[in-house]
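All remarks here apply to the structure that follows.
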Amino acid sequence: MARITWRGHSTQELLSILRLRWSYMKHCWHSLTFNAHMNSSYASDVCLTPIFWFVDNYTHCLGPFFVVGVAALTTSVVSIAYWIGLPFWWAKSQLVTYFLLIVGNWLLLNVVFHYVMAVITPAGHPPEGVSLVEAVSMCGKCIAPKPPRTHHCSICNRCILKMDHHCPWLNNCVGYGNHRYFFLYMTYTTLGCLFLILFGLEIGHKYLWLDHGENWTEIEPLEGQPVKFNLSGHIIPVTHPNEYDEFMLPPAVHNLPTPIVDTDAASPGRRRALWFMAFTNVAVVLALGSLSIWHAKLITRGETSVEAHINEAERKRHLQQQRIYINPYNFGTKKNWKLFLGLVRGRSFWRTVLLPSWHKPEGTGLSFHTVNDVPFEDEWP
């Protein structure tokens, strides 16, 4: 029986060489990828490292463009509301128009105020070059003491007090100093968009739905002549111009009111503006509305978005040890909201929340009371 050879090697020798090379490649792969912490999360972090690098190094460059975009978008939406909505409601009811102007401008004032304050107010960072008795750990990137609830922002390249996240739309970190401005901006923007949607439904129905076919042009003219059915059911052509069968009767005259078509409001430019308003407001309500609900849940639990992940991991770890983890900064729904909104030292809800307020958060952001401390009053700290 003939033996198969290749370059002087028999079949068995070739198989042995292939096995050795396959084992060598597997050994090289395991040596490069295997360690005691290797899992799917670690592998995904390694794959996403280039994206993280891009975000850390270039998000601060894109921040100003995001801020200009928010300002331009807000200005365009408000301008269209005054351009189309104000004349429509003024012709419909002047009393309702006064109400809409008051409510709408109140919402606009809060949106603009809280956005500007969220952009220009520093989130807060630990003081440098001083000894911090409040420090609970060291930052591996800053090589500096870290107070409680402080985390390092790789985009700002510094530690942020009570950090929640870095927001590119603000070109700023959201933390101890401006978290309230950020949340109220989202809330008032969502309410403002819902306000425009609610009182813009009738405008959209009129000019985008009912008047959609008023300016159509007929490409192919109709041909033929009118017909009617006789008593036997046959179709016969109508050869006389009168409306009725009796030839002696004159044609009927109908004095019907002629609808007044607002050609300016039905123009293509205004329709495009209304479609822009519809898509923009719905998108903002879905995006900022869901984000506002998420942050409201975090505030109710007395935690930030960073602490939400930490506390979830701690709950799982304590559960494995058959223990219950308690968030040390959760004082209950009512007190958590009062502390977050600054409703302390006699501040009222209408003056602090319903109207723009410059008041700063209580304390320095370097230390916080916990549920393990002696009961304290609403003043913080």
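The backbone N, Cα and C atoms fix where each Cβ goes, and this holds for glycine too.
Among the features that TrEMBL reports, transmembrane segment is placed at 62-84, 96-117, 182-201, 273-294. Taken from TrEMBL, the feature domain 'Palmitoyltransferase DHHC' applies to 137-309.
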- Mind pulling out the one from 62-84, 182-201, 273-294 with the most Cβ pairs under 8 angstroms to the transmembrane segment (96-117)? 182-201
- Query: Roughly where does the domain 'Palmitoyltransferase DHHC' (137-309) sit in mean pLDDT, to the nearest integer?
  - Reply: 81
